[in-house]
Amino acid sequence: MKFELDTTDGRARRGRLVFERGTVETPAFMPVGTYGTVKGMTPEEVRATGADILLGNTFHLWLRPGEEIMRKHGDLHDFMNWQRPILTDSGGFQVFSLGDIRKITEEGVHFRSPINGEKIFMDAEKSMQIQYSLGSDVVMIFDECTPYPATHDEARKSMQMSLRWAQRSRDEFDRLENPNSLFGIIQGSVYEDLRDESLKGLLEIGYDGYAVGGLAVGEPKEDMHRILEHVCPQIPADKPRYLMGVGKPEDLVEGVRRGVDMFDCVMPTRNARNGHLFTSEGVIKIRNARHRDDTSPLDAKCDCYTCKNYSRAYLYHLDRCNEILGARLNTIHNLRYYQMLMEGLRGAIETGTLDAFVEEFYTSQGREVPKLSD
């Protein structure tokens, strides 16, 4: 992978990630394909929304279908018929989300399978091996996602263990002679000094890109913005910056304003299945009865298949009847909305008009523009 930085507007960056399997224009949003599929969508449909890269989930793909079946197909690209770049998370976040059915030690994590209760162990080395089997274009290190809230001491211990796991991830990645890219993950909760220590340690090890982890886990938005403003300028300019698990459209806008290059989140797809649709004028809840006889499209400014062909009334009807097509059309729209937002952000950075773009984004939704720190 090669990262090319074209231009900046304030702290925002316009560039691209160049892989053998294709180029990803940045800032980029990655739809989430947890089980090797973006729910309800074919790869062709996902691509038609403008997505250049997908995120796959190491933990879930390891449990089902497993490495052996994956290898029989070649890798995850062949298994799901997506021949463009794929980033896989390390599995750490999912393991730590298991709560009472897992035990964390220095070696790794012991847990019971949420599928059948089987005892399983995952560590940094196993995570690297699974992601190697998946053929991931971007591999993420195995880390502990520090829960929120955490005291300074709790966050420090968690971050320092993540650093030790980061070195083990690097060593195993190199031992496997994996030709793809490895990203480090900056931890430290909401504490700037711990974020500094984490980044310093990761830079000493050396990675192809750097993610900011442990945000959007319940902390106030002000803390997320503060940490991004503190951390992003310290990441080398020639390395991509990835904000993990984020988020709402405004979170993407605020992340880009603070120098983030990559995002992922289940929100556009999950919300689509629940009838929450993102538009240029804010969120539409298609289950609301006021859409029952509305012949207008979801969003007159959207060029997606759904908006070009169907009315709000039809989408309301599909939702009320619990028709699968409704969830699919909603997903197509939400994913396209996210990609159009990223296209708009990239264009604004190119032309030096990001401030105007951001103001229009918030004004159209009747909201004020959040302030950046000096």
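Glycine is treated like the rest: Cβ placed from N, Cα and C.
Remember, predicted model here, so these are calculated numbers, not experimental data.
These features come from Swiss-Prot:
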type: BINDING; residues: Asp89, Ser90, Gly91, Gly92, Phe93, Asp143, Gln187, Gly214; note: substrate binding site
type: ACT_SITE; residues: Asp89; note: active site, proton acceptor
type: REGION; residues: 245-251; note: region 'RNA binding'
type: ACT_SITE; residues: Asp264; note: active site, nucleophile
type: REGION; residues: 269-273; note: region 'RNA binding'
type: BINDING; residues: Cys302, Cys304, Cys307, His333; note: Zn(2+) binding site
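Neighbour density at the Cβ, taken as the number of other Cβ atoms within 10 Å, is lowest among the binding-site residues Cys302, Cys304, Cys307 for Cys302.
Per-residue confidence over the region 'RNA binding' (269-273) averages out at a pLDDT of 99.
Of the candidate recorded positions, Asp264, Cys302, Cys304, His333, the one lying closest to Ser90 (substrate binding site) when CA atoms are compared is Asp264.
Highlighted in sequence order, Pro297, Leu298, Asp299, Asp303, Tyr305, Thr306, Lys308, Ile332, Arg336, Tyr337 have their Cβ within 8 Å of the centre of the Cβ atoms of Cys302, Cys304, Cys307, His333, the residues recorded for Zn(2+), and are not part of that set. According to its DSSP assignment, Cys302 (Zn(2+) binding site) is coil.
Packing around His333 (Zn(2+) binding site) is summarised by its Cβ count: 28 other Cβ atoms lie within 10 angstroms of its Cβ, all protein chains included. A Cβ distance under 8 Å defines the sequence-distant neighbours of the region 'RNA binding' (269-273), meaning residues of its chain 6+ beyond its ends; these are 31-32, 38-40, 327, 330-331, 333-335.
Those residues of the chain, other than Asp89, Ser90, Gly91, Gly92, Phe93, Asp143, Gln187, Gly214, with a C-beta within 8 angstroms of the mean position of the substrate site C-beta atoms are Phe96, Met140, Ile141, Phe142, Glu144, Cys145, Ile185, Gly213, Met244.
Under the DSSP three-state reduction, Phe93 (substrate binding site) is assigned to helix.
In this structure the alpha carbons, written CA, of Gly92 (substrate binding site) and Asp264 (active site, nucleophile) are 16 Å apart. For the region 'RNA binding' (245-251), the DSSP counts in helix, strand and coil order read 3 helix, 1 strand, 3 coil.
Of the candidate recorded positions, Asp264, Cys302, Cys304, Cys307, His333, the one lying closest to Gly91 (substrate binding site) when CA atoms are compared is Asp264.
Checked against Asp143 (substrate binding site), the recorded positions Asp264, Cys302, Cys304, Cys307, His333 differ in C-alpha distance, with Asp264 being the nearest.
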